[in-house]
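**Q** Structure below; questions to follow.
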Amino acid sequence: MSEQISPQDRRAPEQGAAPGYAERYGTALLPVFGTPQKILARGEGVHVWDTEGTRYLDLLAGIAVNTLGHAHPALLSAMTKQMGTLGHISNFFASAPQIELAEKLLELAQAPAGSGVFFANSGTEANETAFKIARRTGRPRILALSSSFHGRTMGALALTSKEAYRAPFEPLPGGVEFLPAGDEQALAAALAPGDVAAVFAEPIQGEAGVRPLDPEYLRALRRLTREHGTLLILDEVQTGMGRTGHWFAHQAIDGLQPDVMTLAKGLGGGFPVGAVISFGTEVHDLLQPGQHGTTFGGNPLAAAAGLAVIGTLVEEDLLAHVRSAGARLRNDVLGLGHPLIEDVRGSGLLLGIALAAPVAKQAAAAALAAGFIVNAPDDSTLRLAPPLIITDQELATFTAALPGLLDAVATVSAPEGEN
Ligand SMILES: *Cc1c(COP(=O)(O)O)cnc(C)c1O
């Protein structure tokens, strides 16, 4: 996503795409994303098809978004029904689905009395909201972690560690400092003056290559932020909504509860929905009436999508499935004993296959050519974040193909310094 692509490359017709589309994409869209890998035409269940009619097993789910895969009947019917009843109303009004989804999220988050929800449309907007909540404490400093990713709008970008993402857009909102993730001493020292509004953290750093924070460090984060009256803001945009086999990744750790949690990606199952949950009475009134808002956030259609996703996860007992399927996939991949496979990080169905050489981008391309959609968040990690409905058998087709894919890239020597 971060590569620089020359205008010539961008405009070169993509092999395999329908005649004209790749070129038209390059002409009609801003060059922010580089050349699309394929032009996709439709999806059903865990598969998508490109405009050539080639089928792919979708092991990325639109980056941990398509919780129920593609065209799931429950999501389709709930959204169709809602759109035919009441789609959008503005936040001058409220709707039953919005209130029900907020209540449901509070219940799933085991949020205490006095907690509340704000709906947004994306992960970055959810984090902007959390940023504004943090500012309202009146404290000047905000901490984020090395390798963090919180989004691309200015506030969320200020919290994102990658220099290449931030530098072109400075000045960004100030007061943000980055701490080495996992370093408890650095955390304690940074919090000691008592002037830190909030610490932002992802339980598993997805964009950084699926790197979980050490549970001990997460516990220390909770303990130390509480000690110093600092908010712990967990960004569960990628890890939330069942992705790790828990409703929210932090629930894997007994007794750990943030002060604020942000959600998006999987919440709407493909429809853009973001949410911010504030826990307890102390955070509840930091944002006063009129201090924040959104036109679309939490509209009935978005809420219906969220309710359908949650309802289906419950009805089909998918969290238990995610835990078992994820554990099996991890074991099977490690069990391949392939020399290029060093480790499998992550949990549930958010896994990063750590490679022993910087060939992840080539391996992802080879996977695509073989009919599997995965991605390479960095040079040496393959990320898997399939729909949560995927079966063990479907996952096994990838495990079976993986050694061949890795052998193929291992024999093609990686270009020096390739990124
Ligand atoms: C994807 C992501 C975001 C940004 O979400 P958008 O919907 O793309 O704005 C923020 N935080 C995390 C952890 C993410 O994975």
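A Cβ is built for glycine as well, from the same backbone N, Cα and C atoms used for every other residue.
Take a look at what TrEMBL says about it:
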BINDING   Gly123, Thr124, Phe149, Asp235, Glu236, Val237, Gln238, Thr295  pyridoxal 5'-phosphate binding site
BINDING   Arg152, Thr294  N(2)-acetyl-L-ornithine binding site
MOD_RES   Lys265  N6-(pyridoxal phosphate)lysine
**Q** Return the maximum Cα to Cα distance in Å (whole number) over the record's pyridoxal 5'-phosphate-binding residues: Gly123, Thr124, Phe149, Asp235, Glu236, Val237, Gln238, Thr295.
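**A** Taking every pair among Gly123, Thr124, Phe149, Asp235, Glu236, Val237, Gln238, Thr295, the longest Cα gap is 25 Å.
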**Q** I want to verify one value. Collapsing DSSP to three states, which class is Gly123 (pyridoxal 5'-phosphate binding site)?
**A** helix
**Q** Checking the binding-site residues Gly123, Val237, Gln238, Thr294, Thr295: which ones have Cβ within under 6 Å of ligand 1?
**A** Gly123, Val237, Gln238
**Q** Can you figure out which of Arg152, Lys265, Thr294 (the recorded positions) comes closest in space to Gly123 (pyridoxal 5'-phosphate binding site), comparing Cα atoms?
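**A** With Cα distances computed to Gly123 (pyridoxal 5'-phosphate binding site), the winner among Arg152, Lys265, Thr294 is Lys265.
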**Q** If you measure from the CA of the residue listed as 'N6-(pyridoxal phosphate)lysine' out to 10 Å, which binding-site residues from the list Phe149, Arg152, Val237 are inside that radius?
**A** Val237
**Q** Please determine which of the binding-site residues listed here (Phe149, Gln238) has the lowest count of neighbouring CB atoms within 10 Å.
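**A** Least crowded of the binding-site residues Phe149, Gln238, by Cβ count within 10 Å, is Phe149.
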**Q** For a quick check of understanding: among the recorded positions Arg152, Lys265, which residue's Cβ has the most other Cβ atoms within 10 Å?
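**A** Ranked by Cβ atoms within 10 Å, first place goes to Lys265.
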**Q** Looking only at C-alpha atoms, tell me how far Asp235 (pyridoxal 5'-phosphate binding site) is from Thr294 (N(2)-acetyl-L-ornithine binding site), rounded to the nearest Å.
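**A** That separation, Cα to Cα, works out to 20 Å.
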**Q** Cα-Cα separation of Val237 (pyridoxal 5'-phosphate binding site) and Thr294 (N(2)-acetyl-L-ornithine binding site), in Å?
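**A** Between the alpha carbons of Val237 (pyridoxal 5'-phosphate binding site) and Thr294 (N(2)-acetyl-L-ornithine binding site) there are 18 Å.
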